[in-house]
């Protein structure tokens with residue numbers, strides 16, 4: 001048991017991705033008027049809550065992880081950290097994160113952190129992941145909470161922009177997760193996890209991917225239509241969304257579904273990273289509907 005093991009069970013890669021989305025939501029709401037104290041509270045607080053959820057997930061999924069090639073060497077599977085200590089660690093991380101958001105940001109930001117945690121640990125990890133093909137859909141809501149937390153840490157309100165972020169990031173999660181399920185198909189089948197490709201086939205999953213990317217593309221444009229983000233953001237969102245859709249369409253002719261799914265997965269990360277950056281820098285200081293640009 002070492003410090004490295006305690007870091008590993010928090011899934012640092014997932015935390016880093018969530019930090020980017022928290023920052024995107026925060027800077028979108030800040031409109032250039034940045035309170036760095038609140039920013040740090042939002043980033044650190046959300047990171048702690050996400051870390052807590054990941055540790056709990058590691059605890060819950062020990063039996064599943066033993067059956068999957070990519071996870072069978074995880075810290076808890078190997079017994080490098082005891083279950084009791086991991087549960088205590090996860091609890092302390094969660095309390096610290098929610099407490100920081102509540103005291104240094106606002107109660108609304110803390111509330112969304114709690115909602116995301118409950119969905120991820122309670123609904124998804126403990127129940128739906130093992131029992132329902134719809135587990136991915138429910139789990140996507142938890143993955144969409146970080147940008148909402150960042151936004152609400154500034155705005156202290158759940159407005160159209162916050163709703164758009166929630167919908168947008170939830171929709172993004174679906175093709176992203178389905179791509180993983182395709183190129184890790186054998187792992188999911190061995191672990192008896194009822195993801196869409198395993199339960200209904202890869203062709204059906206490809207259709208769902210196309211529909212979710214199309215819906216995601218429309219949702220991303222709403223930040224500019226609603227007067228929250230600018231035309232540069234719009235151009236990047238439209239361009240990357242359409243290319244992601246094109247990549248998904250190419251999946252129907254793919255010779256190797258594993259190779260295609262990996263490429264789709266990688267581009268999904270580029271897409272959401274680019275949009276998080278663009279909403280951070282191309283915000284609208286005064287809210288103007290897109291129709292304003294036409295006159």
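Quick reminder: no glycine exception, Cβ is built from N, Cα and C everywhere.
Per Swiss-Prot, the features are as follows:
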type     : residues : note
TRANSMEM : 9-29     : transmembrane segment
TRANSMEM : 36-56    : transmembrane segment
TRANSMEM : 80-100   : transmembrane segment
TRANSMEM : 108-128  : transmembrane segment
TRANSMEM : 135-155  : transmembrane segment
TRANSMEM : 163-183  : transmembrane segment
TRANSMEM : 209-229  : transmembrane segment
TRANSMEM : 230-250  : transmembrane segment
TRANSMEM : 265-285  : transmembrane segment
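Residues of the same chain lying 6 or more positions beyond the ends of the transmembrane segment (135-155) and with a Cβ under 8 Å from any Cβ of it are 18-19, 21-30, 35, 38-39, 41-43, 45-46, 50, 53, 101, 105-106, 108-109, 112-113, 115-117, 119-120, 123-124, 128-129, 161-162, 165-174, 177-178, 181, 194-196, 276. Outside the transmembrane segment (230-250) by six or more residues, the chain places 175, 206, 209-210, 213-214, 216-217, 220-221, 223-224, 260, 263-264, 267-268, 270-271, 274-275, 278-279, 282-284, 290, 293 with a CB less than 8 A from a CB of the stretch. By the Cβ criterion (under 8 Å, sequence separation of 6 or more), the transmembrane segment (108-128) is in contact with the transmembrane segment (36-56), since 3+ such pairs are found. With a threshold of 8 Å between CB atoms, the same-chain residues lying at least 6 positions outside the transmembrane segment (9-29) that come near it are 38-39, 42-43, 46-47, 50-51, 54-55, 58, 74-76, 81, 86, 89, 93, 146-155, 161-162, 165, 169, 223, 228-229, 269, 272-273, 275-277, 279-281, 283.
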